[in-house]
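S.K.: Handing you a structure now.
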Amino acid sequence: MRLPEPSLRTQWWLALANLICQIGIMASGATVRVTASGLGCETWPRCNGDSFVPVPGAAPWIHQIIEFGNRTLTFVLTAVSIALLLAVLRAGRRKHLKMLAWIMPFGILAQGIVGGITVLAGLLWWTVAIHLIPSLALVWFASMLFARIREDDDEPVRRTVGTPLRLLTLLSGVALAAVLVTGTLVTGAGPHAGDARVGAHERLQIDIDLLAHIHGELMLAYLALVIGLLFALYAVGAERLVKRRAIYLAIGVLGQGLIGIVQYWMGVPELLVIAHVAGAGIVTALTGMLWASGRSRGAAPVSATAD
């Protein structure tokens, strides 16, 4: 029996759920790290010894619950991504959307393996950093899929912004990548190693204040690019959707920067670390959606040059 063809609305909701879950599992991973629960399950793919579930006494129970809960969320995310893939395939969507949909479950599988290596390596700082980067890449691809899922596959592609603004959007994405990479270095030198047994000699041996200032300065450069892009979009009378996404991104970057500043001056409290990681996912998603809006399908809105 063939599955019924999913509506565009159903596909959109699945794409949204996938994007939210991708960001959510980043936040849950940060929770594991700041609560020192990274080795609550001391091995992988099992949890403790020969057991796939927590074993009483193998580690503090709260650490086991948090780490095992994070692993369990991976199955939820996988189920959502598979449902999205099946919906896109069943609806016979265009090749680009199918490619993005295929990336989701296989990316999650690869990310799970990287997470396992991180645990087996004893939470070395560089393995933790490598563990975060694929999650951010998956958020980017998920945001692209979400932004384009409602487009009519039969309509021709059209550019919504000119080449200079397209390049400026690309440059802002490159700046974001630099911000995210330096953010992982700050994490590697910071106090939240993921487990109390990880010694200081196993952390990144670079002054954290220096790294934090480099990270912050790159964040300011990224914010300047985003604000400049926003003004440029208004100056050329870009389409309303493009301008709206640029506004959301500017607000997101400002909020993320504020969290980072407060976090730094308060000595990186746990809740703000989690919020900052979630914010990184949100800003990545907003940047991806703005990039996706540089091209669209169908006729341009009548109001595109009216506002």
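Counting begins at 1 with the first residue displayed.
Positions of Cβ are set from backbone N, Cα and C atoms, glycine also.
Remember, predicted model here, so these are calculated numbers, not experimental data.
In case it helps, TrEMBL gives these features for our protein:
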TRANSMEM  12-30  transmembrane segment
TRANSMEM  73-92  transmembrane segment
TRANSMEM  99-117  transmembrane segment
TRANSMEM  123-146  transmembrane segment
TRANSMEM  167-190  transmembrane segment
TRANSMEM  210-234  transmembrane segment
TRANSMEM  246-265  transmembrane segment
TRANSMEM  271-292  transmembrane segment
S.K.: Near the transmembrane segment (99-117), which residues from the same chain, at least 6 beyond its ends, have a CB less than 8 A from one of its CBs?
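M.R.: Here the qualifying positions are 18, 44-45, 74, 77-78, 81-82, 84-85, 88-89, 93, 127, 130-131, 134-135, 137-138, 141-142, 144-145, 148.
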S.K.: Determine which recorded stretch among 12-30, 123-146, 167-190, 246-265, 271-292 has the most C-beta pairs below 8 angstroms with the transmembrane segment (210-234).
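M.R.: Going through each listed stretch, the top one turns out to be 167-190.
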S.K.: Find the member of 12-30, 73-92, 167-190, 246-265, 271-292 that has more C-beta pairs under 8 Å to the transmembrane segment (123-146) than any other listed stretch.
M.R.: 271-292
S.K.: List, by number or range, the same-chain residues at least 6 past the transmembrane segment (246-265) whose CB is under 8 A from its CB atoms?
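M.R.: Contacts of the transmembrane segment (246-265) (Cβ under 8 Å, skipping residues fewer than 6 from its ends): 212, 215-216, 219-220, 222-223, 226-227, 229-230, 233, 272-273, 275-276, 279-280, 282-283, 286-287, 289-290.
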S.K.: Using a Cβ-Cβ cut-off of under 8 Å, list the residues of the same chain that are 6+ residues beyond the ends of the transmembrane segment (73-92) and lie near it.
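M.R.: Those are 2-6, 10-11, 14-15, 17-18, 21-22, 24-25, 28, 98, 101-102, 104-105, 108-109, 112, 145, 149, in sequence order.
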S.K.: Where else in the chain does the transmembrane segment (271-292) make close Cβ contacts, counting only residues six or more beyond its ends and a cut-off under 8 Å?
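M.R.: Distant Cβ neighbours of the transmembrane segment (271-292) are 19, 22-24, 26-27, 29-31, 33-34, 132, 135-136, 139-144, 146-148, 169-170, 172-173, 176, 180, 183, 192, 242, 245-246, 248-249, 252-253, 255-256, 259-260, 262-263.
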